[in-house]
Amino acid sequence: SSRVSFDTASLMSERVDAEISKRYDIDMREIGIGGYGKVFLAKDRMFKDRQVAIKKVTKIDEERDSAFKKEVLIMKKLDHPNICRLFETYEQGRVMYFVIEFCEGGDLFDRYSNHGKLPETTVAPIIKQTATWDSDDAMDSDDSDLKELYGHNGVLLTAGIIAADVIGAGILAMPAAMANLGLYAGTAALIALLLANVHVSMVMWRVRMNCPTCVGATTYTALVQGAFAKAPAWQQEIMIHLTSFSQKSFLFGMMVLYLLSAGKGFGMIFHHVHVCLPNWMIYAAFLLFPFAASARHLGSWQSLVWINVVSLMGTVLIPLCFYALNGTEKIRVPGSHVEAVSELSPRQILSSLSTFFFGMTSQFMLLEIIAEMKDPMELPKAYAGYFAPFQLVMFSLAGIAGYWYMGNKVGGMMNENLPFGPSLQAAAGCMLVHMLISYLIKGVVVCKSIHRAVDKRYAHGSDTRPRSWMAS
């Protein structure tokens, strides 16, 4: 006889404008809290002694409403003994209730906080249960919504993406920043600020991985939302909007700067052609378009990530090699020299620190980068283990060596101090490639945000429907 299969998700009720209290007796004491709402224990009036967990969330805008509906869709499709089942949902105006299977025993994080480290005999069965995951049985492997739950990028690729995000045009201004402080003071500031940047990034990662209301956050705004989960609603909304505005403003500003630098790179390569800078910027945008039109993830074009690393090195090393071959006598401006500590003024200090900060800011995209990792627990290895040493070497070469060769009267970017010729064109070509790839990496995050706001149903990176690609 043949077996007949059916979709159990179709049996789950989605009740609109129905009174949940008629079916469930809700205990208003919280048993959990998350970035989007609170969880309460309830008794089912229809089935004696049956307890359920009810998550209450508020739909404050269309984007949040769409996110909740996506959550319902995903939970309906998940069917696994180690995942709490969704029984039904209720909608009452702006409030939505998720009726979920109740698991007794409390929260694992609270257990750890209250009792400290758990013995291996307790942890081993838990790990065994959570590791028992058969994706074919638990979900439809072809479902694009569920595929979004998984990252794709390994440790090395993630380190390369961070390099493309963080190390931009600012590295070429390192000699001038170093000259404002002097060799010793500038080196100390460079190392201190780099360590501070790594520390801040690791703090954000720890919050994302360990804070109960932030676990699984995939965007910068989602992390802030989770961090302010217990704050009054008005405070939470202010912080969410402020974070979203600051992130998008910063990323958009960086993209404009990168496109401007790419246009300058084109102009340096073809310095004998009389074309204005805006036109060179348009040519750079056309060169980038095929890649931008097909990049749905930060690691969509893995080859470009590694090309970016090579071009970044070329951007710094080509000018330094030219300086080394010609010597300080031919490179330095008359009267220029190296100082251990400059005669510091507020203007010099602010100018130098702003350049350092500009070249080390990684926090605005860190959560989006973590969200695309195969194993987010490996972020410290990617960031502190691979990227930070590479950043220190490249910034030190650009800042210390560049300052040593050009002295305290250095101005502008490193490649701007090269004479017209092959060295300038080669360095400019590397800068052009580096700027365009850095633009692409930030553009993926910005476009994803816009896509989710405009047409969230087609915004998933794994969605292959034509409209999704057109919208991106």
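Just so you know, glycine gets a Cβ as well, placed from its N, Cα and C.
The domain 'Protein kinase' feature in TrEMBL is assigned to 25-437.
TrEMBL lists Lys56 with the feature ATP binding site. Listed in sequence order, the residues of the same chain lying 6 or more apart from Lys56 (ATP binding site) and placing their CB within less than 8 Å of its CB are Gly37, Lys38, Val39, Phe40, Val95, Met96, Tyr97.
For 154-175 (among others), the entry in TrEMBL reads transmembrane segment.
As annotated by TrEMBL, transmembrane segment applies to 181-200 (among others). Outside the transmembrane segment (181-200) by six or more residues, the chain places 174, 338-342, 344, 348-349, 352-353, 356-357, 360-363, 383-384, 388, 391-392, 395-396, 399-400, 403-404, 408 with a CB less than 8 A from a CB of the stretch.
Residues 168-169, 280-281, 283-285, 288, 361, 364-365, 415, 420, 424-425, 427-429, 431-432, 435-436, 438-439, 442-443, 445-446 of the same chain, all 6+ positions outside the transmembrane segment (250-274), place their C-beta atoms under 8 angstroms from a C-beta of that stretch. Summarising the annotation, TrEMBL assigns transmembrane segment to 250-274 (among others).
Here TrEMBL flags 280-298 (among others) as transmembrane segment. Note on the transmembrane segment (280-298): residues 152-153, 161, 259-260, 262-267, 304, 368-369, 372, 432, 435-436, 439-441, 443-445, 447, 461-462, 469, 472 of its chain, located 6 or more positions outside it, place their CB under 8 angstroms from a CB of the stretch.
With a cut-off of 8 Å between Cβ atoms, the residues of this chain six or more beyond the transmembrane segment (305-325) that come close are 157, 160-161, 163-164, 167, 171-172, 299, 331, 394, 397-398, 401-402, 405-406, 414-415, 417-418, 423, 426-427, 429-431, 433-434, 437-438. Residues annotated as transmembrane segment in TrEMBL: 305-325 (among others).
According to TrEMBL, the transmembrane segment annotation covers 349-371 (among others).
Here TrEMBL flags 383-406 (among others) as transmembrane segment.
Feature annotation from TrEMBL assigns transmembrane segment to 426-447 (among others).
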Determine which recorded stretch among 154-175, 383-406, 426-447 has the most C-beta pairs below 8 angstroms with the transmembrane segment (349-371). 154-175
Residues of the parent chain within Cβ reach of the transmembrane segment (426-447), under 8 Å, 6 or more residues beyond its termini: 161, 164-165, 167-169, 172, 248, 251-252, 254-255, 258-259, 261-262, 264-269, 284, 287-288, 291-292, 295-298, 300-301, 304-305, 307-308, 311-315, 318-319, 365, 368, 414-415, 418, 472
